[in-house]
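To start, I am sharing the structure in question, which I have written as structure tokens.
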């Protein structure tokens, strides 16, 4: 207040003009601060005394109503009067002392009323301190209504897992025309890679794509070999490429080669003594924890682990065996979620699991997991690591507890599979199992089936396209489902609410317009040592130069289309400009029959006689009369003897 009073009382006109008081035309007032403080103190004391008296009266009225007897009434009234007087004197003194102590503060109005109201029931003050809400109290039953709704929604989703499937929207990426046999997503979900039977590997960047959905890179890392498997490492910086040859490759994020596994000696019988695979690869995957280690399986009957930093030799070899102890071919392989176990599905229908550090004997095995002679196309562990799902070539999908490996927990049948890499995968919450089905050409649509993990009840199905569904991948961070089909498509299913990033980034971008004017620009040749008269002026702005070239009739002249038919306007026709081409064209068009040359010459005799042009006018006086031989009828010669007949 002192500072405000000094400012308001100051006679400085510049300050008044700055503060906006110059337009009133009045001088600033002066204030007596001591008088103001004294007046404020008196007002506060008076109001607090009135409030206290009113409260004492209310207490007396309540006491009179409770005690109706006259004797107790008189004593109670006397006691209440003396008590009221003492309390009044005490509270008056305390109120006056508090007002004097707080006289340095800005106390205007009923301060004691606020203090006494603040000294209400302790429960109210505690509730106010705990809640700390601003504004009037909420009506009963409305306090946690939003939370209740959210809880209801989550309970509904838990009770109905179909609502967790993100299939409301989809985009289609055109990989090619042949089967998309491999899919891979990096851990962050920013890039997708697809590989197929057309030997191509294509890179798709969701953040860099627009609505045209074009791949930013395409390459053939393994020349003329079909791509069997593609997978990003746990860090996302390198890619494992497994193709139809015997050597797996590792590429970096942009598709440039990092390492290539060595090929083994195919003349050595014991596969342990070879440095690499000697036959076609079937599958491969990265270690989930160690970023430099990966796993491959091959038709040479081995499963091998590799180190990216050592391409000269494998790390370890696992050799699956049949019941008779013979070599059996592994068709798929995978790591457990913690990386401690290695599982392989074999052609004799068995699933064999080793400890990663012990390659001699299997830790778990099931001999009759699937039908013998069929290719088990996929093995995958659940996120909790206790359950193994297998997709068999016998049109089944089974789920196993590896601790009780003799019998499957659940099984689903009548799921056709024509490809040796048909996939199955778990949902991010580990409650749903997904797989695709194969169809023959013209035999219907390939579908994506969703099974509940606990009961193996079929929850949902999606008709993808009129071809087989080969690969499927449910990314846990994006919450989007990627599907590779038999007709060269890669589809991405997503939900705008439940899904994150991924396909949502590229569908909102418009297609880029092609700049056709760029074809008109001329190359700028830099000649630093040329003479000034021959030096070209430096182009300052490409856009301005394009606009100038567009206005120039010579530079922006549209090339005329080729002449169709005879030449015109000084332009030669399509047949060519040489004499030989002209003659050849006319010969081809001449349809007259020149089999009888005499008749061909005499055909022009009458016209030459009536209208002589070349030879006849020059020899008009000396030209003899032409005499032609008359053809005798053939009947005359029939009567002659043979020796008199003309010999032809």
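Think of each number as a place in line: the chain as shown, counted from 1.
From the backbone N, Cα and C atoms, a Cβ is placed for every residue, glycine too.
Annotations per TrEMBL:
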- 1-20: region 'Disordered' (REGION)
- 43-169: region 'Disordered' (REGION)
- 43-68: compositional bias 'Basic and acidic residues' (COMPBIAS)
- 74-87: compositional bias 'Low complexity' (COMPBIAS)
- 98-107: compositional bias 'Acidic residues' (COMPBIAS)
- 110-119: compositional bias 'Polar residues' (COMPBIAS)
- 123-133: compositional bias 'Acidic residues' (COMPBIAS)
- 145-159: compositional bias 'Acidic residues' (COMPBIAS)
- 160-169: compositional bias 'Basic and acidic residues' (COMPBIAS)
- 173-205: repeat 'WD' (REPEAT)
- 274-316: repeat 'WD' (REPEAT)
- 335-355: repeat 'WD' (REPEAT)
- 379-403: repeat 'WD' (REPEAT)
- 536-577: region 'Disordered' (REGION)
- 536-560: compositional bias 'Basic and acidic residues' (COMPBIAS)
- 566-576: compositional bias 'Gly residues' (COMPBIAS)
- 625-648: region 'Disordered' (REGION)
Calculate the per-residue pLDDT averaged over the repeat 'WD' (335-355) and state the result as an integer.
91
Summarise the compositional bias 'Basic and acidic residues' (536-560) as counts of helix, strand and coil residues per DSSP.
10 helix, 0 strand, 15 coil
Looking only at the compositional bias 'Basic and acidic residues' (160-169), how are its residues distributed among DSSP helix, strand and coil?
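With helix first, then strand, then coil, the compositional bias 'Basic and acidic residues' (160-169) has 4 helix, 1 strand, 5 coil.
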When secondary structure is assigned with DSSP, how many helix, strand and coil residues does the compositional bias 'Basic and acidic residues' (43-68) contain?
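Per DSSP, the residues of the compositional bias 'Basic and acidic residues' (43-68) fall into 24 helix, 0 strand, 2 coil.
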